[in-house]
Amino acid sequence: MHKKFLPLYVTCSLFALLFAAGAVQFENFGSLRVFMNLFTDNAFLIIAAIGMTFVILSGGIDLSVGSTIALSGVIISVLMQNYGWHPLPAFALVLVLGTLFGASMGAIIHYYQLQPFIVTLAGMFFARGLSSVISEESVPIMHSFYDDVAMFGFELPGGAWLGSSTIIALVVLALAIWLANFTRLGGRVYGLGGDAQSAALMGVPIARTTISVYALSSFMAALAGIVFSFYTFSGYSLAAVGVELDAIAAVVIGGTLLTGGYGYVLGTLFGVLIMGVVQTYISFDGTLSSWWTKIVIGLLLFVFIALQRYLVGRGQKSR
Amino acid sequence: MNYQNLSPQLRRSIWPVAGLLVLLLTNVLIAPEFFSIEIKDGRLYGSLIDVLNRAAPVALLAIGMTLVIATGGVDLSVGSVMAIAGAVSAGLIVSGVDSVFLVIGGGLLAGLAAGFVNGFLVGYFGIQPIVATLILMVAGRGVAQLINSGQIVTFHHEGFEFLGVGYLFGLPFPIILVIITFVLVQLLMRRTALGLFVEGVGANASASHYIGINDKLIKLMVYCLSGLCAALAGMIAAADIGGSDANNAGLWLELDAILAVVIGGASLMGGRFSLFLSIIGALIIQALTITIILSGVPPKFNLLIKAAAIIVILLLQSPEFRRQLGRIKQWRRA
């Protein structure tokens, strides 16, 4: 076993353990159907958390994710319902706007040397504010294209369903793994998060990398907003409140180091799945209340951060 | 008077104070009755008193947050801690505890415990503050729900409700509480060496460690203080509505508190701090909200304006942006 994959193994085993525990306790838990539902219900979170992974790998943080999801949903639904746009150009516009939004946050962070968390906090206010200015009420989406997309999918054995959202999330996952580990940008992101100064000395273009990372995160959030709208069939300015925290939690539980420079996109997928399993477990149980989800996620966060400290501390001593 | 000749302390306070004055004057221009204060039954009423009263919870949070930020940290959990403290107090009242001191003591103890957890993680575990306090921010609301088994508890308890709706010396009691807290913390920081230690830890934690400051303990202490301030704010909020709502009590107030400290001119990197300017920051946020309401701009623009305000303030604090501004000035003169 390679030592650098240890946190990834811990995350994957924890997921398997939780899923097995549920399967032993409840009759229908251990099925492909429940497993696939984890993807269907959390597809948007998987996409947003993958974007967040890149930001955290680079040593930053993006608090604007949740409100970017809401904003893209609101823009899409208003363009379609009030201006009669076809969904596809609306999607394209939202993705471009999202990328520009993230790029400007990245530019402010880099050129004015401001802390990522306060800049993206302002971005969070901005996106949330803009979406409530565009529409305060929830805008329903009615379009045959949406019905087609929502219906699209493949029947798997055991009544499981591989739907369009899951397919999008899996494609994004594959592309993100390629981007992180097999491209030049990926290497630069790891380098920037590991040690910005050394990275700069080794010729990593800090400005371009920082801006790309935040642009990517907001692009992913806008895409997550599109997938979220397949799920809710509406755009609402107060949707997806606090998703940024879920995304950060998923990244940390997925084994990515919060100080940057170390972690894997695949871990983030399992981070989301672990949170999904906890939620499913609680809803199967029926007697536990839903707020236990938050407490369990908080505890998991704590355990994984403590594990990170332990591993990092040991690494420094052995050096 | 030459701007350059002012003492550094005065120079730092000029911008926030001027900002507040401009906002207040704008309010008077829009609504002439803004400054009028009436006395009814020995109590003061008026828009200004209203601004002070509504700003009280954020001002309390800002006092704790100032110290945390001065050590180079940040406390994201204060909103959730407000919910926990409110839930504990409400739970105590509903379960038949009558003594005000026990009820308030219980709430404060909850805040202290939360602050201790944060401070321990940051100080002794060495976890980044954003992350350490994120844990309680996420889990805290769950804990608050758990305390009263997910119910929104309403109560009636005159002594406790005084915290939120009472009057003392003609002023709403929350204002008095802010003043008391401010004076106590200010004395603690400036009449002892603690304030210097806090600034030292924020400016350079390892250097402070080498000259013999117990930097871990200082960090633990500021998070505990922040927890206590959050508990007070949470109890005011609970007493104000006569109930505890774990989902909505203190929601997003951590952001307002951070914003108040930043408006007050503190650097997020840590170091020098001013409690007074942070409170001015809290007042500016509240006055801005009132300006938006008075000027007839629909409240849905609230967040957008706030976002613009943060960006402008952040940019003004950035040395690079000032250099660019300076270049523009030179270019125009030439």
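Note that the numbers count up from 1, one per residue, in the order the chain is shown.
Using the three backbone atoms N, Cα and C, a Cβ is placed for every residue, glycine included.
Residues or ranges marked as transmembrane segment in TrEMBL: B:12-30, B:51-70, B:101-121, B:127-144, B:165-188, B:220-239, B:251-268, B:275-297, B:303-321.
A contact between the transmembrane segment (B:101-121) and the transmembrane segment (B:220-239) is present, since 3 or more of their C-beta pairs, 6 or more residues apart, lie under 8 Å.
Note on the transmembrane segment (B:251-268): residues 12-13, 15-16, 19, 57-59, 61-62, 64-66, 69-70, 74-79, 82, 137, 233, 274, 277-282, 284-285, 306, 310, 313-314, 317 of its chain, located 6 or more positions outside it, place their CB under 8 angstroms from a CB of the stretch. Looking at B:51-70, B:127-144, B:165-188, B:275-297, B:303-321, the range that has the most CB pairs within less than 8 A of the transmembrane segment (B:12-30) turns out to be B:275-297. Under the criterion of 3 or more C-beta pairs below 8 Å, with sequence separation of 6 or more, the transmembrane segment (B:275-297) and the transmembrane segment (B:51-70) qualify as touching. Sequence-distant contacts of the transmembrane segment (B:127-144), counting only residues of its own chain at least 6 positions beyond either end whose CB sits under 8 Å from a CB of the stretch, comprise 68, 72-77, 79-81, 83-84, 86-87, 114, 117-118, 121, 223, 244, 246-247, 249, 254.
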